[in-house]
Amino acid sequence: MPIDSDDNVFDDDDDFIELLQDSSNQTSNVTNEIATDSTNSTNTRLVVPNNRLLEEIPVPKRILLGPTHHKIDYGNLDKYVYPSNFEVRDYQFNIVQRAFYHNLLVALPTGLGKTFIASTVMLNFLRWFPESKMIFVAPTKPLVAQQIKACCSITGIPSSKVAILLDKTRKNRGEIWDEKQVFFTTPQVVENDLASGLVDPKTIALLVIDEAHRAKGNYAYNNIVKFMDRFTNSYRILALTATPASDVDGVQEIIDNLNISKVEVRSEESIDIIKYMKRKRIIRRNIYQSDEIKECIDLLCTAIAPVLKVANGKGILEITDPSRINFFQCMDASRKIVANPTIPEGTKWSNFFTLQLLGVVGQCFRRLNVYGLRSFFSYFNEKYTEFMAKHSKKKSSNKLNADFYFSEPIKQLMKRIRTMIDDPKVFSHPKIEAMMEELDEFFTINNATDSKVIIFTEFRESALEIVRFIEKVGKNLKPHIFIGQAKERDKFDESNFGKKSKGKRVGKKQQDDSKSSSENAQINGMNQKLQKEIIKNFKQGTYNILVATSIGEEGLDIGEVDLIICYDSTSSPIKNIQRMGRTGRKRDGKVVLLFSSNEESKFDKAMNGYEYIQQHIMKGQLIDLKEQNRMIPKDWEPKVEMRFIEIPEENHELQVVDDEDEIIRIATQYMMGGKSKKKKAAASKKGKTKEKRAKQFFMPDNVEIGFRSVTSMVRAVGSSKSLEEEKKEEKVRDVLDRIVDSDSDEEIPLGSIPIPRSEVIAHKQSTTDEQLLERDCQSGSNISDRTLDQHHSASEERGINSNFSHESNLPTPPENSPPKRKSIVLEEARIAKKKHKKSLGIRKPTIRPPSIIDQLKKQKSKIIRPDSANETICLDEDDILLPEYTNITEKEVTVQEDRREIEHDDDSEIFDDGLDEQLAMIDDMNTTKSFVEPTRIDFKDEVFKNDFDEHEGFLNNDELMELHTSYFTAIDPMDKVFYYDPSSSVHVDGANREYAFYGKIGHSKRSQVLIGLQKRAHEMAAKSKQSKTATPSEPETFQNYLDSDFIALQ
């Protein structure tokens, strides 16, 4: 049961401070949520340490616009049944048709047959989808009982197919969900069973929602629809309400939460329903203040004026007229002050207590103007007593409060109000006098036994005061209070203030026999059992007047009422409509509105705004509807079949029962197969013990299962790619930038560029040693001795044999194609070198004159090594001398006589498109290649003779400068080897591998011979300069030296 609105009044200072602190926390949380914003599309935003605002990537909603997954009975799909047992109303007929094709929100005034519409739709969905489930949810048990009776009585749905689920502790709920098709329950039960896996959401074809205006926030209605959306979009929703919302935003929220695709709204003035409406007379009576109320207001204004002046000076309240102080405005200003972090703590709480005192006076004005003297005295006397007790014990030191409560006007007020209350001739409020006039007139005309009256008021104290006054008058008037379950709030106890609590539990308040039933109910509250008893007595005539708070506005079948008196009014059009809708259902009714102060203007403003909203909603304006999701195939249009529904015998028992508990008991008995709960339990014990039901885990269709990284599910705000995709792209860009921007020989980690496996395999299959060799020649750089020596040592260590005279499986080259160089050692060395070098792409080369190395190599084109007779290596004339080599036949090698080394010029770093080179490589890959099998050659020892002069091969200054600038590069000091330093001589370890003491990699023997040659050449050049004239023997001596060195290389 809902709690009365009077329980929300802040009568206790501590409770009010606690609420404001909670409000402050909520406001600070809202501030923090700017960083972690929860958007309307369920995207959660988060600020990460690098100040990037991230959001969750929304999962695209699956909208099923095609055939439904529910099994359809096509034999019944060509027609839909419309009950002819009742009068056919145009608006009902039209709404039923639209409910077949849309998720529909129906807003009809009370008493116009919303339940009939729901029952007809459920009947036809049961015929069309016999294996699916239809669920009717209502917020309270009494409403569920009413809907069961109505549906079974209207449409004749067999009770054997109907289940009622009101108890979440029932153990066999899973079996009930499996066996039945139509369910009546509360939304909390459905939400719990969906989350527990007891019901498959994909089996729900129709969901009927009663009191749909509750579908806001985190209510269970919204959670059910959200859960179903995760699994399927093929379902139908029928939402019923009398008052959807008081503003456009409220209506839009319901539409969004329930996936509404069409809205059907009718008002009491709508053309198609006005002829079915009973006449309802609405009478307005404006009540003016009595002299006693005016006197109390004047005294309060005089006492609070200094406090209001202080608040105006601080700028915390704009109201300057004391009589216009409003409680809700003061409360709102207090919350803003507490939530403002820029205000110092001392100033903050000083302003807070000032506004709190002004709020107390504002509440006093409201009670005096609307409810009268007794309601005002009950409230203000408690505040006055509480302050005096705290001040006397020095628990309160607020000077502003003390000046107010100890002021002379307050003393006079307390004295005068006690005198007024004790005077029986003084009405608490003129409204009571007007109310009694209306009651006398009504019961004079109508029979006091058959006629019923409900009086609505907001506060319990006011309700009890009205009951007491009516009871004193008598005259066949039998009133009773009708309130919620909450107990009366404990008031301030002056006698126990300041004493230590013993911690004893507060027991249930005992009923006082000296007090009336209404007084005891006001103290202890009314539980559901007592509420049903009062309603039953009201229907039977034991009571003919109910004085109700908001509990009587909706959710209870109170019965037919002839007169409604609204003792006060609210600014909520929904509450006003629900109050007035309690009459004029089956016969004409009357509504009396009692207005005082500014109540009439608030009422008109609320109702006019509501009518404006209804008119625009009926025109389809101001709201955004969801897309239609059709369940019936497009080529099927069921035609109406008017049929007289025969009610099954098992449903007759429900028709004649009015008691809600009895309806629930009968429906539960049918659900359990005609057995009572005790008999069902006994039968289950005698039978075999059933296995425990395994928990089911339902998954949406085509769901992605398994683990996913968090970075794949979030993205930067404004980006369309996930963080995982951005990281991959960034990694590729970094590697490409390093390749393009680097001019050094820094190593690129292998595998740093992600390449698809298919491309790697294709590259391996198409890349040949000839292409690698050709690329290396184009690069214009010689293979370093250190690299070759390192490779050669590694090959020896792995035990690789250098005899390549075996048969090759490579394809033979085409005719007229020049033979290719087939140095396997060169190929492996160059592949290793390529892996460790970056490339700037193909650049336009510049031709460079032969270097000293080229000149030296030209002098020795063939060198025979005696111990290499078993090795055959194909070697170009221009290649660098290797540790192991042999002669090559003319068929295997074509000597390139005029080869010139290509050198990259820094002044011509212009990128070429590289098409010529790429086309040549493609041509080579597509050309069938074959190699001539190497043959053994008998070698003879012979001395190399040269014919160059003594100055050939020496560099001039320009050539030396170009050598140092073009061929030398800066190296790491740890890699530097001091060639002429005895301490850095080459050492040999146990594995016969050479290395330098200070360097990381040693030189090969051939490299050291070349270094020695260069050193001796410089010495001889120096000697020749000193002598200025060369002797004939010097060239011969130098030539002999070169011959001996080259022979040593063998």
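Cβ from N, Cα, C; glycine included.
Values in this document were obtained by computation on a predicted structure and should not be read as measured data.
The domain 'Helicase ATP-binding' feature in Swiss-Prot is assigned to 95-262; the stated evidence is sequence analysis. Swiss-Prot lists Leu108, Pro109, Thr110, Gly111, Leu112, Gly113, Lys114, Thr115 with the feature ATP binding site. Residues annotated as motif 'DEAH box' in Swiss-Prot: 210-213. Taken from Swiss-Prot, the feature domain 'Helicase C-terminal' applies to 431-631. Marked as region 'Disordered' by Swiss-Prot: 493-524, 743-821. The compositional bias 'Basic residues' annotation in Swiss-Prot covers 499-508. The compositional bias 'Basic and acidic residues' annotation in Swiss-Prot covers 786-799. Look at Swiss-Prot and you will find 800-810 tagged as compositional bias 'Polar residues'.
For Lys114 (ATP binding site), the number of other Cβ atoms no farther than 10 Å from its own Cβ, over all displayed protein chains, is 24. Annotated ATP site Leu108, Pro109, Thr110, Gly111, Leu112, Gly113, Lys114, Thr115; additional same-chain residues within 8 Å of its Cβ mean position, judged by their own Cβ, are Ala242.
Regional average pLDDT for the domain 'Helicase ATP-binding' (95-262) in the model is 90.
Neighbour count (other Cβ atoms within 10 Å of the Cβ, all protein chains): 22 for Pro109 (ATP binding site). Long-range C-beta contacts of Thr115 (ATP binding site), restricted to its own chain and to partners at least six residues apart, with a cutoff below 8 Å, comprise Gln146, Gln147, Ala150, Cys151, Ile154, Leu240. Cβ neighbour count within 10 Å across all protein chains ranks Gly113 highest among the binding-site residues Gly111, Gly113. Around the Cβ of Leu112 (ATP binding site), the number of neighbouring Cβ atoms within 10 Å comes to 21. Taking Cβ-Cβ distances under 8 Å and a sequence gap of 6 or more within the same chain, the neighbours of Thr110 (ATP binding site) are Ala242, Gln578, Gly581, Arg582, Arg585.
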